[in-house]
Each structure stands twice: as structure tokens, then as C-alpha cells.
Amino acid sequence: MEAIINKLYLQESLTEQESQQLFDTIIRGELDPILMASALTALKIKGETPDEIAGAAKALLANAQPFPRPDYDFADIVGTGGDGHNTINISTTAAFVAAACGLKVAKHGNRSVSSKSGSSDLLDSFGINLAMSAEDTRSAVDSIGVAFLFAPQYHSGVKHAMPVRQTMKTRTIFNILGPLINPARPNIELMGVYSQELVRPIAETMLKMGMKRAAVVHGSGLDEVAIHGDTLVAEIKDGVIHEYTLTPADFGVNTHPLEAIKGGDPEENKAIITHLLTGKGTEAQLSAVAVNVALLMRLFGHEDLKANTQQAIDVMNSGKAYQLVEKLAQHA
């Protein structure tokens with residue numbers, strides 16, 4: 001371990017194996033907190049490489065509680081958070097809409113770090129059981145098409161890093177690991193990142209982790225596909241990363257100001273999402289969710305973004321996605 005940490009002091013990058021070893025020690029609670037802070041700081045200042053991120057993610061997955069992985073194609077749709085814009089819960093809402101469009105989604109999430117209402121805060125407000133067993137969660141993905149894995153239930157070892165992270169009060173590699181350590185191990189993923197500098201490295205990380213098809217996005221300041229500006233995309237297809245830019249027009253929607261999709265506290269967000277999923281959403285809110293669902297549908301082989309967007313809007317207006325929220329609340 002000393003050799004690994006000394007390497008970081010010299011601002012040298014770790015191999016994937018070394019990073020996995022370092023994070024295995026952290027997750028088991030075997031690394032002194034002062035050394036942990038030093039290692040996290042050194043990684044942050046140097047800039048984490050895809051090898052280092054993949055190694056850390058593999059360590060966390062290896063130490064996670066097991067989950068009965070489906071043998072069919074299924075996805076996660078998730079953002080790193082931390083973009084500082086406090087929009088409505090787009091990826092959580094999109095998970096239900098995607099399921100109503102026929103996709104399978106096992107969404108990994110946590111309590112809110114920086115926004116007023118994280119995905120679990122919202123699900124809580126709908127009466128969805130965040131402590132559902134792995135078996136019940138898996139059966140929800142099978143039968144309803146969507147379920148939610150609450151991070152602390154599967155990644156108990158992350159608690160060893162919490163005091164250090166809270167004291168450091170700055171972003172570390174842990175801020176980008178969440179979306180990469182879904183214990184269900186989906187083979188398809190749409191992941192939003194808080195900075196465009198992360199788009200390519202995270203796509204390279206996903207490639208190293210064996211993701212079948214995925215897209216990493218940053219939308220003009222948001223960790224989602226944007227309707228207020230351009231979205232930078234790095235898409236993994238057939239083992240190759242394709243980078244491109246999408247505009248609202250590519251989805252057949254109008255451009256809307258960021259203000260139009262502002263969120264609030266969990267109760268306000270619950271009201272907004274209920275409206276959205278029962279045909280009473282605003283054009284901007286519907287578009288914001290639909291463009292994210294549309295890109296996720298592309299990852300399942302439905303290539304026409306405009307048709308996908310329209311299908312997602314129709315599903316929201318029909319109330320079909322809201323029925324899935326109710327089903328999941330009754331599931332366990």
C-alpha cells in the first residue's frame with residue numbers, strides 16, 4: 001500500500017489493479033483516514049484516469065452485496081449529481097417513462113448530496129420502499145420493468161470513507177463512482193456527468209468495465225441531456241466510442257430556458273412529477289424527460305430520436321408511466 005500511495009505523491013497514475021487494491025483497502029476500512037485523505041487528494045489534483053476509476057469501481061462492486069442479475073438487456077439512467085442546478089428529478093422520472101416504453105431499468109441511487117431532492121427523496125415521497133430486498137427488487141424489474149437499488153444497502157463499505165469525504169468538503173473520485181457501481185451490473189447505461197471534461201474519460205472507463213452499450217452526456221452545464229442548449233455525447237457501440245453533439249432540434253423539441261425545469265424540495269418535486277406523469281406537465285418538463293428517455297431508447301437499438309421522444313411524451317400524457325410508480329409502491 002505504501003508503494004501505491006508514494007506513487008500518487010509523485011503524481012504518477014496508478015494501474016487499474018493498483019487502484020482496485022487501494023479502494024479495496026478503503027472499502028474494508030483498513031486504510032488510515034489520514035492516508036485515505038492524502039490518496040483521494042493526490043488523485044483529485046492529478047486527475048483520475050479511466051484505469052483508476054475502473055479499478056476503484058471494480059473494488060466497490062467486488063465488495064458489494066450480491067444482486068441476482070437479470071440475463072436480459074437492462075439499463076441504468078443516472079447522473080453524477082453535483083451540477084449545482086437543482087432541476088426536477090429528470091433521470092428518476094425518465095426511468096419510469098422508459099419502463100412504460102418497454103425498456104427494463106434497474107436504477108441505482110442515493111440520498112441527495114447537493115440538490116434539494118435526490119432520487120431516493122422523491123421515491124420515498126411516493127411510498128416506494130427503498131429497503132426492498134434484492135430478490136423483490138429483481139422481481140420488480142422483471143414484472144414492472146423498473147426498480148430502484150438504494151446504494152447504502154449494497155455498498156456498506158463506503159461508510160468508511162464518509163468521515164474523510166465530509167471533512168474534505170470537495171469533490172473526489174467518489175462523486176463519479178456512484179453511477180458506475182450499480183450492484184445489478186446493467187449492460188446498458190445512460191450516465192450524465194457534471195463536467196464536460198469527464199465525458200470521454202467516463203466513456204473509456206465504461207468500456208473497460210465491459211458495458212455493452214452506453215452513453216455519457218453533459219448538457220450545457222447539466223448532468224443530463226439538455227433542452228436549453230447542446231449536449232455532448234460519448235456513446236459506446238460495438239466496443240468503440242463515438243463522440244457527437246445533440247441539440248433539442250435533433251429530438252424534435254423546442255429549446256427552453258433552464259429556469260423552466262427548476263425543481264424544489266421533495267414535496268414540490270412530487271407534485272411536479274405527478275403532474276408530468278398524468279398528462280399535466282408543461283412542454284418544457286415533458287421535453288426534458290423525453291429527450292433523456294429517447295437517448296436511452298437509442299441504446300436499446302431504437303435509433304430514431306424524434307420518434308423515441310414522441311413515444312416518451314405520449315406515455316407521460318397517457319398516465320401509463322404513473323401506473324408504474326403506483327405498482328412499484330405496492331410491490332413490497
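Cβ coordinates come from backbone N, Cα and C, glycine included.
If you look up Swiss-Prot, you'll see G79, N110 marked as anthranilate 1 binding site, on the strength of sequence analysis. Sequence annotations record features per position, and here Swiss-Prot assigns 5-phospho-alpha-D-ribose 1-diphosphate binding site to G79, 82-83, T87, 89-92, 107-115, S119. Residues or ranges marked as Mg(2+) 1 binding site in Swiss-Prot: S91, E224. According to Swiss-Prot, the feature anthranilate 2 binding site maps to R165, an assignment based on sequence analysis. Annotation comment: Swiss-Prot describes D223, E224 as Mg(2+) 2 binding site.
What Swiss-Prot annotates, mapped onto the structure for a quick look.
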| residue | record | DSSP (3 states) |
| --- | --- | --- |
| G79 | anthranilate 1 binding site | strand |
| T87 | 5-phospho-alpha-D-ribose 1-diphosphate binding site | strand |
| H108 | 5-phospho-alpha-D-ribose 1-diphosphate binding site | strand |
| R165 | anthranilate 2 binding site | helix |
| D223 | Mg(2+) 2 binding site | coil |
Looking at the binding-site residues G79, R165, D223, E224, which has the shortest Cα distance to H108 (5-phospho-alpha-D-ribose 1-diphosphate binding site)?
G79
Tell me the Cβ contacts of N110 (anthranilate 1 binding site) under 8 Å, same chain only and six or more apart in sequence, or just say none.
G118, S119, S120, F150, A151, P152, G178
Hey, how far is the residue listed as 'anthranilate 2 binding site' from G79 (anthranilate 1 binding site), Cα to Cα, in Å?
19
Filter the binding-site residues T87, S91, D223, E224 down to the ones within 10 angstroms of G79 (anthranilate 1 binding site), Cα to Cα, kept in sequence order.
S91, D223, E224
I'd like to know which of the binding-site residues T87, S91 has the most other Cβ atoms within 10 Å of its Cβ.
S91
Counting every protein chain shown, other Cβ atoms within 10 Å of the Cβ of G79 (anthranilate 1 binding site) number 28
With Cβ-Cβ distance below 8 Å and at least 6 positions apart along the chain, what are the contacts of E224 (Mg(2+) 1 binding site)? List them in sequence order.
G79, T87, I90, S91, G192, V217, A288, N292
Counting other Cβ atoms within 10 Å, pick out the least crowded of the binding-site residues H108, R165.
R165
Count the other Cβ atoms sitting within 10 Å of the Cβ of D223 (Mg(2+) 2 binding site), across every protein chain shown.
27
